[in-house]
Amino acid sequence: MTLSICIAQLNPVVGDVKGNLAKAIAAAESAHQQAHQLVVFPELFLCGYAAEDLFFRPSFLEDCALALQELIQASIRWPGLHILMGHPQAVDAAAPWPRDSDFLPPAWNAVSLISQAQVLATYRKQALPNYGVFDEKRYFASSTVMEQGLAADHIEASAATVVDIAGVRLGLLICEDAWVPQPALRAKAAGAQALVVVNASPFVVGKPQQRAHILAQRAQETGLPLVYAHMVGGQDELVFDGHSFALQADGGMVAMAPGFEEILWPLVLITDSASAQQCRWADAEKTQPQPWDDASLQAWPQIWQALVLATRDYVRKNGFAHVLLGLSGGLDSALVLAIAVDALGADKVRAVMMPSPYTASISLEDSREMVRRLGVQYDEISIRETFETFKLSLAAQFQGRAEDTTEENLQARIRGVMLMALSNKFGGLLLTTGNKSEVAMGYSTLYGDMCGGFGPLKDVYKSDAFELARWRNSCGDAYGVANPIPERIITRPPSAELREGQTDQDSLPPYDMLDAILRLRMEQNQSRAEIVAAGFPEDRVDQVIRLLRINEYKRRQAAPGPKLSARVFGKDWRYPITNGYRG
Ligand SMILES: Nc1ncnc2c1ncn2[C@@H]1O[C@H](COP(=O)(O)OP(=O)(O)OC[C@H]2O[C@@H]([n+]3cccc(C(=O)O)c3)[C@H](O)[C@@H]2O)[C@@H](O)[C@H]1O
Ligand SMILES: Nc1ncnc2c1ncn2[C@@H]1O[C@H](COP(=O)(O)OP(=O)(O)OP(=O)(O)O)[C@@H](O)[C@H]1O
Ligand SMILES: NC(=O)CC[C@H](N)C(=O)O
């Protein structure tokens, strides 16, 4: 016996319930035409992930329920097809939930199995992630958490959901459910022959491999084959990378879908005739569109594709037709320009060079060379006169005071004003170029180069930015224009060019050292003593720890940017601004 399954690895828009429904209907239509028996959508596909406080609005939950109803009605058109759809479900509608307190979460994180205008089963997520970027306990009730007021008999009923499709019993799980052993074991105890896991799992470098490793444990513990159905797309700071996959009961990889792109991905589950209990996936050759290949999951291609997808989706999903950025002849703006062109195409990107008295001639030369290679619209607007006018206007006030960062920041702010004026007049989104090392150290000007709506490099350390640029230049035309970044932009010493002869290293430790200290502090929460013991000079460690602490205020006012690491500034990093702790 075989079961033909289609994994709908698709890109929803958070909150666009009608658009997501239309996408689901088109996918179901196609799955039906291909004679699949089951089409599986990702976690919360109908509303998108993460819809955050939209879940507190009853009308939003009602609209999701109406969309689900429409899908249920539409399913009459697809005889023989089952649809597994991820959606929120208002707790009020979910008997026997005793909802007697306003403090209870508003919804369940659910999947429903639909066929021929009927809901055959609804499964509600048991394990709710509430760490890192996740706040699921803020929004969702868990189907196994006693403290939330569930009646004991309801726990038994809701804990495992096993559905029978064409004689194959599938245990349903939602994302975090599969990161702990119990829900899969409960599904097995309830008679599952295979597991279907629907997911919205934000990208971090190495996460595709980590998922495969963790899900292999679930397969081995239960002795069941499984499919991991994943979302794709950018949502503010989160990137969902696709890479859906299927594992045999021994945890062995059958196939993995491509990353960072939408696909309707076919799989076939076979029930052995000798032992009607045992299921396995059909031969990999028959099902995999792209081989499971460790080399294709190396860091730089993953990072580049994540940045490109995040930028494209942020721009498009927020209704912008084009982007602009300040191009300085330095590495960060060059990298952001290359990402933007790969994401949107050269005709949707505008670069503006704004020379000041401190701009080196090679900055102009390299900027011109880069835009020549990429073919984007390019303008040069001098800030020399405006800078002089500002200084003249302030001369009486500043009398007797030496020039300092005030004048440096004036230049960055003039550029910010110019770029925002171009954004207002022509409607493009301004991309900001700060990298993670700068964002950590506050090495940027508030209302100056921090102007902008999206920061592609926000989670890219400066030392990684060099590597990323070299890697992108080495790719030929695999991702767009070959060799987009002139070599000298990568090799020259970084400088803000805001005063004569300035380099970043006048104010900051060498980037290799800075980034190593930041990784220990941010990603491993190490103390000052531990970092010093790791071999870094005390004065440098103190400088980094202090700058990291005192610049929280800047980060709270900074644009979002895509998460790549275990800890991005944003949802992952919640420090008080007013902070008296010096430990
Ligand atoms: N806790 C707090 N809460 C709220 N606001 C606070 C604050 N602490 C200071 N402030 C305010 O913030 C202001 C200081 O911030 P800000 O005006 O940005 O200026 P600031 O951080 O003093 O200087 C900017 C630094 O970034 C460097 N930079 C600028 C541009 C580009 C690059 C680059 O290479 O990428 C580097 C520049 O060379 C300079 O060293 C203070 O005047 C104060 O008003
Ligand atoms: N002359 C300039 N013309 C246009 N934009 C500029 C100019 N100088 C700085 N900017 C903008 O301000 C941002 C921060 O300035 P900065 O000089 O630090 O550049 P960068 O690209 O980060 O390069 P690097 O730090 O490697 O020198 C730039 O990325 C760019 O967007
Ligand atoms: N949506 C979820 O439950 C995601 C949590 C999970 N641990 C992940 O990141 O993959």
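Each residue's number is its place along the chain shown, starting with 1.
Backbone N, Cα and C define each Cβ position, glycine as well.
Sequence annotations record features per position, and here TrEMBL assigns active site, proton acceptor to Glu43. Positions annotated as active site, for glutaminase activity by TrEMBL: Lys125. According to TrEMBL, the active site, nucleophile annotation covers Cys175. The annotation L-glutamine binding site is assigned in TrEMBL to Tyr131, Ser201, Lys207. Summarising the annotation, TrEMBL assigns ATP binding site to Gly326, Leu327, Ser328, Gly329, Gly330, Leu331, Asp332, Ser333, Thr433. Per TrEMBL, deamido-NAD(+) binding site is recorded for Asn409, Glu438, Lys554. If you look up TrEMBL, you'll see 3-275 marked as domain 'CN hydrolase'.
Overlay of TrEMBL feature records on the structure.
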| residue | record | Cβ contacts under 8 Å, 6 or more apart |
| --- | --- | --- |
| Glu43 | active site, proton acceptor | Tyr49, Gly86, Asn109, Val111, Ile174, Cys175, Val198, Asn199, Ala200, Met231 |
| Lys125 | active site, for glutaminase activity | Trp108, Asn109, Ala110, Glu136, Phe140, Ser142, Ser143, Ile174, Cys175, Glu176, Asp177 |
| Ser201 | L-glutamine binding site | Cys175, Lys207, Arg211, His230, Met231, Phe240 |
| Gly326 | ATP binding site | Ser333, Ala351, Val352, Met353, Met354, Arg415, Leu419, Thr433, Asp449 |
| Ser328 | ATP binding site | Met353, Thr359, Ser363, Ser367, Glu497 |
| Gly330 | ATP binding site | Ser363, Ile489, Pro494, Ser495, Glu497 |
| Asp332 | ATP binding site | Thr433, Gly434, Asn435, Glu438, Leu457, Lys462, Ala465 |
| Asn409 | deamido-NAD(+) binding site | Thr445, Leu446, Gly448, Leu498 |
| Lys554 | deamido-NAD(+) binding site | Val439, Gly442, Ser444, Leu446, Met450 |
Among Cys175, Ser201, Gly326, Ser328, Asp332, the recorded positions in the record, which have a C-beta under 6 A from ligand 3? Cys175, Ser201
Inside 10 Å of the Cβ of Thr433 (ATP binding site), count up the other Cβ atoms and send me the figure. 26
Among the recorded positions Cys175, Lys207, Glu438, whose Cβ has the fewest other Cβ atoms within 10 Å? Lys207
Residues among the recorded positions Glu43, Tyr131, Cys175, Ser201, Lys207, Ser328 that border ligand 2 - Cβ under 6 angstroms, in sequence order: Ser328
ATP site shell beyond Gly326, Leu327, Ser328, Gly329, Gly330, Leu331, Asp332, Ser333, Thr433, criterion: Cβ within 8 Å of Cβ centroid: Leu325, Ala334, Val336, Leu337
CB neighbours of Tyr131 (L-glutamine binding site) within 10 A? 9
So what's the average pLDDT for the domain 'CN hydrolase' (3-275)? 91
May I ask which of the recorded positions Cys175, Ser201, Ser328, Gly330 have a CB within less than 6 Å of any atom of ligand 1, listed in sequence order? none
Is the residue listed as 'active site, nucleophile' helix, strand or coil when read with DSSP? helix
